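The structure is given below, and queries will be raised subsequently.
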Amino acid sequence: MANPPHGGILKDLLARDAPRHAELEAEAETLPALLLTERHLCDLELILNGGFSPLEGFMNEKDYNGVVENVRLADGNLFSIPITLDASKETIDGLGLQPGSRVTLRDFRDDRNLAILTIDDIYQPDKQKEAKEVFGGDPEHPAVKYLYDQTNEYYIGGKVEAVNKLNHYDYVGLRFTPAELRLHFDKLGWTRVVAFQTRNPMHRAHRELTVRAARARQANVLIHPVVGLTKPGDIDHFTRVRVYEALLPRYPNGMAVLGLLPLAMRMGGPREAIWHAIIRKNHGATHFIVGRDHAGPGKNSKGEEFYGPYDAQHAVEKYRHELGIEVVEFQQLTYLPDTDEYKPRDEIPAGVKTLDISGTELRKRLRLGTHIPEWFSYPEVVKVLRESNPPRSKQGFTVFLTGYQNSGKAAIARALQVTLNQQGGRSVSLLLGDTVRHELSAELGFSREDRHKNIQRIAFVAAELTKAGAAVIAAPIAPYEESRQQARETISSAGTFFLVHVATSLEYAEKTDKRGVYARARRGEIKGFTGVDDPYETPQKPDITVDIEKQTVRSAVHEIILLLESQGFLEKA
């Protein structure tokens, strides 16, 4: 028998409401509808399938306050993370929502109706209290930033009725609901299951750790990685799942199973560890591995950890009896080359030689294409990582040139395009300011808002090309720092971004203007012209600065090439 669910009953709303499917689906079409965000979708999926048992909906004010203040629902059940549905006053008023109303919850991706919520209450949360009590209050914490920057001012509480399952098109066979996983364990005859939570690729140390934990408890292993929302910058779940699938045959035959969890992590450390334990209990696990700094977001800008290294272990241990799942606390394993084995650090005598590779070092080796030893990770795992993380010489990048009209941006961009094409190895795309204006932004004017929109269009195109491995050269005027920073953020999510300030002076650009556009602007024939009646904000932190008044185009291109070589994007001559 699998572990009983949290609260005693698995709240599988999909199964409960299946007999009323046609009735609920018809009603959902007649109700006002809320479009759910990606986080809402993750939360709703685990509400509907029972992963968040004993919840049957989004928390009302009593449950919310109980969880924030006392780590408990209003009925006394332990629960550590607020599961809330936020909405703006404008949306609430526009849909006419009030206590007692029924509202359809709709998937923003395909407009499918997923559930009907009967509203208990609509309330304004104390976000400051939520940030402090649940996450520790540090304004740099990703969940605190999300709370303040992306969460609407009102929460809507109430129970939901299931209309449809969420559609997934990836790894469908690995997306077990709690009921399905429990049935799977029963079919396999498993009665003791150690669950392992991860949002990272797994290597040999993780395999050793989970096998040790299972053998010590005469149990089997559930590898239960998160494939919903994790920490920004994490390796994508497609790569990670391929890693887990490659690793699975390295376990003793029949010991481990892989299941995917569509969870939106909050990176909430101690509170999140309790939540993770509840979720794994609902999925049938009897044991749960909690490691060092479990579900922590790393360090803040001062280099300080948001939580203590063992705060999460202590939190789960505190509520061990109520949780009804055994906590497996583990020490970090390290490799002993003399005996070719992994051991917990606290069991290694002083003076014994050890080896380890940090996450930073691993990323460096992947970036440079250098050797990753088999003692650290299995060849089949490394192969997957290399396919998804090619060395920089095979990665895309964007060189973004900014400067006045006639500063030399276009000449540098064209010359750089020719130089990169000569080098070969990747496609090269050129996004000149005039070309983009004609092809992508013909309807835009030159107001600050339209200029910003134009730069964001360039950034979107550049990001997609960069993601596909191209070298992108963009050369708009881009006069505003805010627009350039947003372009950097957009493109950096897909690859590496280099900002080149073409710092040719306004006087020189105007003096050498053969097209006469500056003269026309001075006469008032062109309005909103950068440098004449519209400002150019000097870049604060360019990656490189060139000046055609003081150097040749060839020299400027050479500086950019040297920068690309130094960062590993081009092979050194």
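For all residues, glycine too, the Cβ spot is worked out from N, Cα and C.
Swiss-Prot feature annotations, pasted as is:
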REGION    1-169  region 'N-terminal'
REGION    170-394  region 'Catalytic'
BINDING   Gln197, Thr198, Arg199, Asn200, Gly291, Arg292, Asp293, His294, Leu333  ATP binding site
BINDING   Gln197, Arg199, Ala295  sulfate binding site
ACT_SITE  Thr198  active site
ACT_SITE  Arg199  active site
ACT_SITE  Asn200  active site
SITE      His203  site 'Transition state stabilizer'
SITE      His206  site 'Transition state stabilizer'
SITE      Phe330  site 'Induces change in substrate recognition on ATP binding'
REGION    395-573  region 'Allosteric regulation domain'
BINDING   Asp434, Thr435, Val436, Arg437, Arg451, Ile477, Ala478, Arg515  3'-phosphoadenylyl sulfate binding site
Under 8 Å Cβ to Cβ from Thr198 (active site), same chain, six or more residues apart: give me those in sequence order, or none if nothing qualifies.
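In sequence order, the residues whose Cβ lies under 8 Å from that of Thr198 (active site) (at least 6 apart) are His206, Ile223, His224, Pro225, Val226.
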Counting distance between Cα atoms, which of the binding-site residues Gly291, Leu333, Arg437, Ile477 is nearest His203 (site 'Transition state stabilizer')?
Leu333
Distance between Ala478 (3'-phosphoadenylyl sulfate binding site) and Leu333 (ATP binding site) at the Cα atoms, whole Å?
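Spelling it out, the Cα of Ala478 (3'-phosphoadenylyl sulfate binding site) and the Cα of Leu333 (ATP binding site) are 50 Å apart.
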Given the recorded positions Gln197, Arg199, Gly291, Asp293, Phe330, find the one whose Cα is closest in space to the Cα of Asp434 (3'-phosphoadenylyl sulfate binding site).
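Closest recorded candidate to Asp434 (3'-phosphoadenylyl sulfate binding site) by Cα: Arg199.
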Could you state the whole-number distance in Å separating the C-alpha atoms of Arg199 (ATP binding site) and Thr435 (3'-phosphoadenylyl sulfate binding site)?
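Rounded to the nearest whole number, the Cα-Cα distance is 42 Å.
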On a C-alpha basis, identify the one among Ala295, Arg437, Arg451, Arg515 that is nearest to Leu333 (ATP binding site); the candidates are the binding-site residues.
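Checking each of Ala295, Arg437, Arg451, Arg515 against Leu333 (ATP binding site), the shortest Cα distance is to Ala295.
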Within the chain of Phe330 (site 'Induces change in substrate recognition on ATP binding'), which residues six or more apart in sequence place their C-beta under 8 angstroms from its C-beta?
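Looking at Cβ-Cβ distances below 8 Å from Phe330 (site 'Induces change in substrate recognition on ATP binding'), excluding near sequence neighbours, one finds Leu209, Ala213, Ile289, Val290, Gly291, Arg292, Pro344.
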Counting other Cβ atoms within 10 Å, pick out the least crowded of the binding-site residues Asp293, Asp434.
Asp434
Quick one: largest C-alpha distance among Gln197, Arg199, Ala295, binding sulfate per the record, in angstrom?
9
Counting every protein chain present, what is the number of Cβ atoms, excluding its own, within 10 Å of the Cβ of Asn200 (active site)?
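15, counting other Cβ atoms within 10 Å of Asn200 (active site).
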Just to be sure I understand the packing, how many Cβ atoms besides its own are within 10 Å of the Cβ of Gln197 (ATP binding site)?
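The answer is 24 other Cβ atoms.
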In terms of Cα spacing, which of the binding-site residues Ala295, Val436, Arg515 are within 10 angstroms of Gln197 (ATP binding site)?
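So far as Cα distances go, the binding-site residues lying within 10 Å of Gln197 (ATP binding site) are Ala295.
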Determine, to the nearest whole angstrom, how far the Cα atom of Arg451 (3'-phosphoadenylyl sulfate binding site) is from the Cα atom of Ala295 (sulfate binding site).
41
Based on Cβ atoms within 10 Å, give me the single least packed residue among the binding-site residues Arg451, Arg515.
Arg515
What does the structure give for the C-alpha distance between Val436 (3'-phosphoadenylyl sulfate binding site) and Asn200 (active site)? Integer Å is fine.
39
Find the longest CA to CA distance in the recorded 3'-phosphoadenylyl sulfate-binding set Asp434, Thr435, Val436, Arg437, Arg451, Ile477, Ala478, Arg515; express it in Å as a whole number.
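Largest pairwise Cα separation, rounded: 22 Å.
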